[in-house]
Amino acid sequence: MIIKPKVRGFICTTTHPVGCEANVRRQIAYTQAKGPIENGPKKVLVIGASTGYGLASRIAAAFGAGAATIGVFFEKPGTETKTGTAGWYNAAAFDKAAKEAGLYAKSVNGDAFSNECRQQVIELIKQDLGQVDLVVYSLASPVRKLPDTGEVVRSALKPIGEVYTTTAIDTNKDQIISASVEPATEEEIQNTITVMGGQDWELWMSALRDAGVLADGAKSVAYSYIGTDLTWPIYWHGTLGRAKEDLDRAAAGIRGDLAAHGGTAHVAVLKSVVTQASSAIPVMPLYISMSFKIMKEKGIHEGCMEQVDRMMRTRLYGSDMALDDHARIRMDDWELRDDVQQTCRDLWPSITSENLSQLTDYSGYKQEFLRLFGFGLDGVDYDADVNPDVQFDVVTL
């Protein structure tokens, strides 16, 4: 079939397998061009490995450090008449490239919140790798089914305490609007912590430890975002911030556990990037469009791949992790530079529908958004007939 993008709200309902592969190959080429990651990981588990920062982590580990990788994700394959999720095609493309390079790669497609998934992964590690020396936790899900009770808990992206009203982009109409979000109830706050906090990361690390599949000196990293005062009401001071604070709590406990065997665990705070997750948060598309323009002009722009590659080379496996007061790795250091943030603050009040394209990199935002789904990549013939049914070596639960 010939596949074109169909965008509804903050989701693209079609995906392009060849475009997704081109996107993965582009990221692989970036890491390879940087040369080997010295003293990098050798056996890596990535939980949430099919898109965004998780996919970038798997690529950096495999193609930067030559690591064997196991990736866990929850994606839908395509059929002859319907496209699968972008993450499915990304994972398939990664698997293909890894096999071509002679690298071990296995994938598990299932609910990473479930005990069954943990058990399957542990068996795979025991059977093929023995132990892992890096665990990357990069899940972004709005819903979590609790493993013991089966209860389904939903998160809420909301402010706390009062209504949040802000300037935002209506991405369907490319217009500046005023958006208001009602504050979260106490139950919504707790639910968001349950879904997006550190509890599941702890369950994974405990299960891996108890099964004896964590190598001495093993490291673990979970990803977070803090942002700036421009986004704090909806993010860091909202329900998401509470969940991310819980991630810090979990990190301290996991760090204590791993330290006994020479290992460590940290939250890595990353910069804002275009992902399916960030495009769902009011204010983020506008903020990202602004910060992209400013950071590109200053030559310090990074996407997921650039961020993770720099983190692995200079921090996680570098000479100095440069941790903050909460023992977090700060990869948002360039975005939070005073010159970048002050320019954002100055710009914010003056943006209108008419000057949106001139004052921000909204066109770059939209291009990046479509790339997530495999569209708008150089060298891909989008008028060609492609088969959406792509198969690869994956254990499906």
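Heads up, the Cβ atoms here are built off N, Cα and C, so glycines get one too.
As written in Swiss-Prot, here are the features:
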BINDING   48-53, 74-75, 111-112, 139-140, LYS244, 273-275  NAD(+) binding site
SITE      GLU75  site 'Plays an important role in discriminating NADH against NADPH'
BINDING   TYR225  substrate binding site
ACT_SITE  TYR235  active site, proton donor
Ask   = Which ones in the same chain are close to GLY48 (NAD(+) binding site), with CB under 8 Å and 6+ residues apart in sequence?
value = GLY54, VAL72, PHE73, ALA112, VAL136, TYR137, SER138, LEU139, ALA140
Request  = Sorry to bug you, but what's the C-alpha spacing from GLU75 (site 'Plays an important role in discriminating NADH against NADPH') to SER50 (NAD(+) binding site), rounded to the closest Å?
outcome  = 8
Remark   = Counting other CB atoms within 10 Å of each candidate's CB, the least crowded of the recorded positions PHE74, TYR235 is PHE74
Request  = Within 10 Å of the Cβ of VAL274 (NAD(+) binding site), how many other Cβ atoms can you find? Include all protein chains, please.
outcome  = 24
Ask   = By CA distance, which of the recorded positions (GLU75, TYR225, TYR235) lies nearest to ASP111 (NAD(+) binding site)?
value = GLU75
Task = Would you count the other CB atoms within 10 A of the CB of SER50 (NAD(+) binding site), including those on all shown protein chains?
result = 26
Inquiry  = When you rank GLY52, TYR225, LYS244, VAL274 by Cα distance to GLU75 (site 'Plays an important role in discriminating NADH against NADPH'), which of the binding-site residues ends up on top as the closest?
reply    = GLY52
